[in-house]
Each structure stands twice: as structure tokens, then as C-alpha cells.
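One structure is given here, and the rest of the page talks about it.
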């Protein structure tokens, strides 16, 4: 808000002021006085907001976090289980205001002196964040120097301040830090005592519209236009739209915007729901030939206490609300000829959780789970001495619904539907078999469509089935073992073969443990399976071993199919982006030979593509060489390369190059290995290296 020395002098002046309206206001306001002296320290977070998927360097989410001392920062999960702060927006916005002399427009009157308490308050309120929300990803085309067009993604972060102003930051994707900030514009909302913010995104006749919904602690709700001049194909409102104007002192706690399809009007519409005290305010926005139609009302009789949290399933428009007394309500929108109505019912969670207090709820991206934060409720009319916060997960879909949604999904990405796959995984682990209807439906999809998504789904099911057949280890796998398995060299007859024999014995012992050892099963209720595993009769174990070997063979067959499909894609990129007899770092000849080595594999597309590539290569082989001994690395295995001197290098599953460095990347589920892009790589190889795992759709980092 000003030079450090001047700010310290002003704080001392206001704290010791003879006017109690100044001194008491200053001492009790934690924005001015974050240290608080005798007050509790300002530690923790006020609010956090997740960006859409695909915003960071690994194709995952960014996290905007607002701390209790009003500092807004953006974090990213760059390495596994490691969060890094990328930028401090509070500091950057303060620098912008300082350069503009704390004026939003040049035409504004000059600001007063920092020693005046109203000016001191104004400078703080104009940069104290209340809420921040991410927009959806906007895609624009950028023209390069050679007149080529490339798609550039950007995302907007709207930050609502205490004085009602909204700063809209535009970030270029992937967001790497300060250098990825494209612009920052400030909008005056005109809302006094703002409390909550949400993006309004609406699509009508392939035209995308956007705006910002702002709610006040006094009750009003309105949409503010956001002029996205830099984002082509996006439009906004001509003027603000007031959704609720009564100053009824019911504070707006939460706002959700849900895109829906109106079955009677035969067009898309936008449903805005807001929690106001114990009520839910809803507003249906519909664009017709007459203009923007607005229908609004309140849903009453939901809770006896104010709503503390609200969430919405954007797949079907279902809204969930909860109050602190442990009651969670489900509201289902039903369209009428003109607008809509809500059917609501109480979710009887007390039968599962007992007497609890609820502090927040959230629904998973595909609507499979509802997460509820709870603490102990009153016992015998007394509050608990200590609060133990727990996150409870409630399933909202059955296994059959989750499987049907995965089969008919338009997303075709397992990683983006991980809550649905978790329901399927739990069912297979429990029953130890894949349901017949799911197997048949998946086989039909593979026959009719042939998309690799369904092959990946099949691989996921087989892997979970294999896991359910195995016995869980008796000890926790992540806990370090303190037992040293050593062998005395003097006891062994052959000195040279000691290490090899020991490794062979260890591998045999591990395979026996994984297949036949008794331990704690995945499903404790399945006593029949447990008795089968605990049987000491070898005849009882043989069918289980055969079943595991059969599943393993199916897994390898599906993995090989997915590998061949990705090899075809890589060869297609090689053909499109290389000249005659050009040496690329990709082992093209090795990939071609590997594809054609199996006599049972007859793919006309692959044969034609390989023929064109070999003709373009003009009898050149361009083999890879071992960096340690310069010997040729033959392409005999899709997972690793071994030279004649026995040096082993892991292969990148995205480009099939050997990773001849100490650093490489892995997919989230540790399925595959990928190398890092290098500066000398052409753009098309860098684009290949940005892809997800070909087996599980997980990002690679």
C-alpha cells in the first residue's frame, strides 16, 4: 500500500490514535493488523480453487490458494507428491497498483495521502481478495512467422476484492510462472460487501458467452460482463444482468452455474443456483429470439439452519446442500413448459455416520462420489471436547451406472473419469470376477468401434481382476523392512555364481509368495476364496495359478495391441515430418521390423505405411548406438534396449527411443517410462512426448 517506512509510521499512528473509531477499527481488523499480538495467529487457508484439467506442464490442475493473511498464490504439482509455488498474484497486483498510483483509470481523481485513515482503508480493500475462480480453457489460433496456425490454450482467473472490484488474469497454457501471464484487467462490479464469485459460461448456436456472477453479503446477485477481446469466438453481455436485487440481508454463500439442455424449448440453457441463508435461490437463463429470458425463484423448506456448503453434479444438474446439523439434501431439477422446478429429498447419512456435524461437501467430477467433511456431534447433550475432522465418501452411483457411463463416454479418457473407474475397481476386487454383461458390452464396442479407449478399458479390467486373484502381502508394502536377507559367500561352493543364484532364488521366492502364500485377502467376507488360498493341498492351488497365467496372457495381448496401435501413430508422424533418407532420433527401421516380425499380425494399414516409410528411407537403417560402448542397440523389445555388451537402456513408450540418461519420466500409475524432450528435438517429437500413457491415460511426469 506504500513505502515500508511510511506504512509502519501510519500503523503506529492509527494504533495510538485518540479517536476510538480509528484505533479500535485498526486494531481489530486483521487485514491491517495480521500479527494481531494477543489475537490468534493468521495461519491456514481462507479459500482454494482448482483450475480445469490440462493447465500445468503435466496436463493436470493448478491450485489457487488464498491464505488467512490475504495472500493469493498459484501452485502446481510438477513432480510426484511435490507442490511448487509458481507465482504470487498479490505481490504482482500490488506492483501494478503502485505503478498506477492506486487508480483504476487515468481519469480518476488523484488519491489522498496514506496518513489519512480512509485512504489507508481504500488501498487495502482494493487488493484484499475475497474469492477467486477459474474459467474454462479458451483455445485460440496463433499465426506463426511462416504463416502456420497453431492452437494456443489460455485460462482466466477472476479475483474478487473487498471493494467489489474484479481482477481478471489471463494465463497462457501450459502455465509455467510469471512469464505465462498474458494480461490483467480490472472490472468494477458495483456490488457492496461482495461475498462470492462464479463464472457464467453459456453456449448458444456455437457461440460461447461468458460473464461473472457476483453475490453480496446483503443479498443481491448479478452477472457482470467480461469483455474477452484477446479471445476470439467468445462473446459477453452488453450490460450487467441483475438476477436478484432485494437487499434482504440473506448473505450469498455459494454460487454454481450448470449448463443444461431444455427439452421443451429445444435449446441449451444455463441454471444458476446460489445458497442464501437456509434457502436455495435459482435462476434459469435462456436465450431466445426475444433476447435473454430470466426466470428465478427460491427453494424453501430445505434446512432449519443456514446452508454451509453446496455442490453440483454438472453431468445431470443435481444440486447437493448441507447445513451444520448433519443434514444433506439432494435437489433434482425438472423442466416445465416455461421454467423448471426442483424435487428434493433428504440423504439419510445419519444411519451411516451417526450423529455428526457437517462442514462441507463436494461431488466428484463424474458424479460417482459425494465427499462430506464431518466432526463428532453432540453426545448426551454435550459437545465433544476435541474435534476430529474426517472426510467421508458416499457413493452416488451403482456399479452398473458407472460401467454404462464409461462405455458411452464422450471423453474417452480413463484418467478424466477416475471416480467412475474407482467404483468399477471396487466391485471387481470385491467379487473377484468381471461381470458378464460388462465383458459382452465391451467386446461389442471393440468389434464395432475399435477405439483404443475401449482396449485401455479392457486392460484396466484385466489388471484389477489379476490384482483381486493375488493374495495381499502380510506386511504393509510401503513400510521399510529391517530384515537383511544375506548369504555367506564361504558357504557357497561356487564363488562366481553366488550373486546369480541369490537373485534367481529371490525371484523364485517372490513369485511363490505372490501366487500362493497365505495372507490377508482383499475381501475379508469372502471366506470361500480365503479357504481356497489357505489350503495346503497343491492341487487346490493349481487352478488358481492357471487362472492367473491365463489373465496374464490376456493382459500381455491387450498391451501388445495398444503398443502396435501407438507404433502406427509414431510411424505416421515420422512419414509426415521427414525428408528422403533423413535421420530422425526415432528408431524407425527397428519399429517397422518389430511390427512385421509377428506372422500372426496382419494389418493392411501398417503394411502400406511401412512400405512408404522404407521407400523414403532408401535402404538406410539409422540404428541407435549405446552411449557407453558405441555398439548398436537392436530393437527387439518395446520396453528396453540391450547392446551386445549387456548395457540395458529403458525405452520411451511415446517415441520408442532408448532413454540413455539418468533422468526420465514415469506415468502416474508407474506403467511406462518416457524421456524428457531435448532442445534439438523437432516440434513433432516434442508433441509426441506431451502425450499421456498409452495404457492408462495417466499424465507423465
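Glycine is treated like the rest: Cβ placed from N, Cα and C.
Checking TrEMBL for region 'Disordered' across the ranges 378-432, 433-487, 488-542 points to 488-542. Using DSSP to sort the residues of the domain 'Transcription factor IIIC putative zinc-finger' (618-668) gives these counts of helix, strand and coil: 0 helix, 15 strand, 36 coil. Over the domain 'Transcription factor IIIC 90kDa subunit N-terminal' (6-397) the predicted model carries a mean pLDDT of 89.
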